[in-house]
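Undergrad: Here it is, the structure, as structure tokens.
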Amino acid sequence: MPLTPEQQAEIDALRATPRATLRAVSEGMEAHLYRAHEVLDHGFVRVIDYMGDDAAIVQAARVSYGAGTRKVNDDSGLIRYLMRHWHSTPFEMCEVKLHVKLPIFVARQWIRHRTANVNEYSARYSIMDREFYIPAAEHLAAQSTVNNQGRGATLQGDEAARVLEILKSDAARSYDHYEEMLSQDGQQGLARELARMNLPANIYTQWYWKTDLHNLFHFLRLRADPHAQYEIRVYAEAIARVVADWVPVAFGAFEDYRMGGVTLSAKAIAVLKRRLAGETVTQEDSGMSKGEWREFTEIWG
Ligand SMILES: Cc1cc2nc3c(=O)[nH]c(=O)nc-3n(C[C@H](O)[C@H](O)[C@H](O)COP(=O)(O)OP(=O)(O)OC[C@H]3O[C@@H](n4cnc5c(N)ncnc54)[C@H](O)[C@@H]3O)c2cc1C
């Protein structure tokens with residue numbers, strides 16, 4: 001379980017004390033505030049705070065004095081225009097602060113997104129919890145034979161059982177030694193900042209992560225993508241569901257132009273034009289590399 005009964009009680013108490021505010025409120029986001037969305041076996045994502053809504057993007061773009069000065073259709077059209085033409089700063093006017101519980105090896109990928117503010121649980125100050133990510137059977141996959149940076153077929157039978165056993169027993173043994181090093185009867189024990197060093201990368205950490213909508217979209221485009229590793233993708237997908245409720249119009253534009261859209265190179269446009277004129281174009285006379293051609297034909301056939 002990602003949350004203890006005490007943690008759940010704290011969340012319930014926060015949700016039970018609403019206040020009147022003059023600030024922009026997104027009804028969709030209010031429903032998510034403080035609630036934990038479970039991810040992986042012990043992880044979660046929950047919204048701690050947010051600023052702005054779809055109207056805030058429009059207000060900033062128009063540098064207007066109020067909300068709702070134009071029709072809803074105009075606002076939606078403007079947001080879609082901004083997204084289509086890479087006008088990023090109006091999206092930076094919305095911010096979100098998340099509390100995330102995640103395995104350390106996922107955190108290492110996540111922290112590469114530098115345009116965010118982070119505060120992580122201190123394993124110098126506190127003792128880490130005995131919680132490890134152990135993949136579900138369907139996610140225990142072999143190395144891909146076609147993609148060096150990916151996974152292939154799911155492990156089966158004895159092999160799957162053997163790998164699971166190694167993962168579980170190594171995690172348990174490392175944690176037992178961690179506890180043993182921290183303190184033993186009659187001994188002072190090793191400092192927490194040192195004892196943590198042989199904990200495995202599948203142990204869970206936690207952080208507060210704050211970013212703006214523009215950079216969050218960038219994160220989601222990379223990490224909610226099928227090429228991203230499953231274990232970070234599920235976090236991105238959980239966040240994406242929250243964002244869809246927070247700023248539905250901006251999220252719709254993001255899905256359309258970024259997640260669902262493609263960027264065409266000048267060479268790709270030239271090949272498409274030749275094809276539309278009835279010409280058969282091959283990779284050799286396309287001017288594209290083999291890799292570019294493969295990616296092009298994956299989309300255009
Ligand atoms: C599928 C996948 C595989 C990956 N594989 C690897 C890998 O093998 N090895 C590896 O090291 N990383 C890898 N990465 C991480 C990747 O290279 C990026 O570091 C990560 O996705 C963060 O992207 P970003 O820098 O655009 O994001 P952010 O750090 O959030 O930055 C957002 C944007 O802000 C600008 N920006 C931020 N900081 C600076 C700066 N200091 N100077 C200039 N511009 C800045 C850039 O325009 C940047 O795109 C992988 C990522 C993905 C999605």
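Including glycine, each Cβ sits where the backbone N, Cα and C put it.
Since we're looking at a predicted model, the values are computed, not measured.
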Undergrad: Given that TrEMBL lists Gln109, Trp110, Ile111, Arg112, Glu120, Tyr121, Ser122, Ala123, Arg124, Arg223 as binding dUMP, which residue among Arg80, Arg151, Arg196, Arg258 does it place in the same site?
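TA: Given Gln109, Trp110, Ile111, Arg112, Glu120, Tyr121, Ser122, Ala123, Arg124, Arg223 bind dUMP in TrEMBL, the matching entry from Arg80, Arg151, Arg196, Arg258 is Arg196.
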Undergrad: Using Cα coordinates, what distance in whole Å links Gln109 (dUMP binding site) and Arg223 (active site, involved in ionization of N3 of dUMP, leading to its activation)?
TA: 9
Undergrad: Rounded to a whole number, how many Å is the Cα of His113 (FAD binding site) away from the Cα of Arg223 (active site, involved in ionization of N3 of dUMP, leading to its activation)?
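TA: Just about 10 Å between their Cα atoms.
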Undergrad: Let me spell it out: for each of the binding-site residues (Ile111, Leu213), count the other Cβ atoms within 10 Å of that residue's Cβ, using every protein chain shown. Which one has the most?
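TA: Per the Cβ count within 10 Å, the most buried is Leu213.
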Undergrad: Can you grab the distance from Leu213 (FAD binding site) over to Arg223 (active site, involved in ionization of N3 of dUMP, leading to its activation)? Cα atoms, rounded to a whole Å.
TA: 15
